[in-house]
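Engineer: Take this structure, written in C-alpha cells, and hold onto it; I'll ask about it next.
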Amino acid sequence: MAALRQIAFYGKGGIGKSTTSQNTLAALVELGQKILIVGCDPKADSTRLILNTKMQDTVLSLAAEAGSVEDLELEDVMKIGYKGIKCTEAGGPEPGVGCAGRGVITAINFLEENGAYEDVDYVSYDVLGDVVCGGFAMPIRENKAQEIYIVMSGEMMALYAANNIAKGILKYASSGGVRLGGLICNERQTDRELDLAEALAARLNSKLIHFVPRANIVQHAELRRQTVIEYAPDSQQAQEYRQLANKIHANSGNGTIPTPITMEELEGMLLDFGIMKTDEQALAELAEKEAAKAAAATA
C-alpha cells in the first residue's frame, strides 16, 4: 500500500473551501482512493455534501454528551458517505467560550488512537484559515498534514488570508515535513483573476494547481446536499473537479517551502494588476463621472 498522504485545505471563511474540498475528494474516490475527512472548521460543514445530510455530530459535542472523549467509540464519531468516504467533524466550543482549536487537537488524537487512520490512502483536513492560530495550525504544527492546498480567489481578503496561511506553513516547514502543495482559485469573476492567482502563487514559491470556474450548478448541488460529482457527474463542472483531483493526486512530493510577502508587496501586486487603485486614480475617476453627470444634466 502506498504511503498515507495527509493533505489539508485551508482558506478564508466563505471562500468555498469546504465545497471545493468535498468535490475534489469525491473525484479522488473515483480514482480508487480510500479517504478519511477530518473537518476542522467550527461550522462543521466539511462532510455535509459527502454524507447528504444537514450537519454531522462533532467529536466535541458527542464527547460533552457522553461525559468525555474517552467514553466514545469510533463508530460514534465516524460516518461513511459517498463511495465509502469516512467522515468526521472535530467541532468547536460555544461561541465566546474556549479555543476552537481544542476540538481539532482532541479529535485528531482520538481518531489516531482508535484506528481511523488505518486502511486509507488520504486523510484530508478541512481547516478555517482566516486566522492561523495555534489550534487551527495544529494539523501543520503537529506534522500531521504534509501538503497544504490554499483555496483563494482574486478578492483582497482571500489573497491576504492565503499569504497569512503561507506564513503559518513557513513557520513549521523547517521543524516538520509540511509543504505548500499549491493554490486553488475559486473564481469570483473579479478583474484579471487568473493572472493575479498565478502571480501570487509564483511570489509564494508555489503554483496554481487549478482555476475552478464559477458555475451555478455548484449551488444547485449544494441545495440538495450533494457534490457536483454526485449530482451531475457528466457536467463540465464535475470535469473541472476531476481535473483538480488528478492534479493533486499527481502532486505527491512536489510541495514547496513558501515565501510569504509583506502587506506592502501584496498591495503593490494589486496596484500592478489594476485591482486596487491609488487615491489619485480613484479621485480622477470620480471627477470624470461627476463631469459626465453634469454634462448630461445640462444637455
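Quick reminder: no glycine exception, Cβ is built from N, Cα and C everywhere.
Annotations per Swiss-Prot:
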- Gly11, Lys12, Gly13, Gly14, Ile15, Gly16, Lys17, Ser18: ATP binding site (BINDING)
- Cys99, Cys133: [4Fe-4S] cluster binding site (BINDING)
- Arg102: ADP-ribosylarginine (MOD_RES)
Engineer: Based on Cβ atoms within 10 Å, give me the single least packed residue among the binding-site residues Gly11, Gly13, Gly14, Gly16.
Structural biologist: Gly14
Engineer: Under a three-state reading of DSSP, tell me whether Gly16 (ATP binding site) is helix, strand or coil.
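Structural biologist: Gly16 (ATP binding site) sits in coil per DSSP, no helix or strand.
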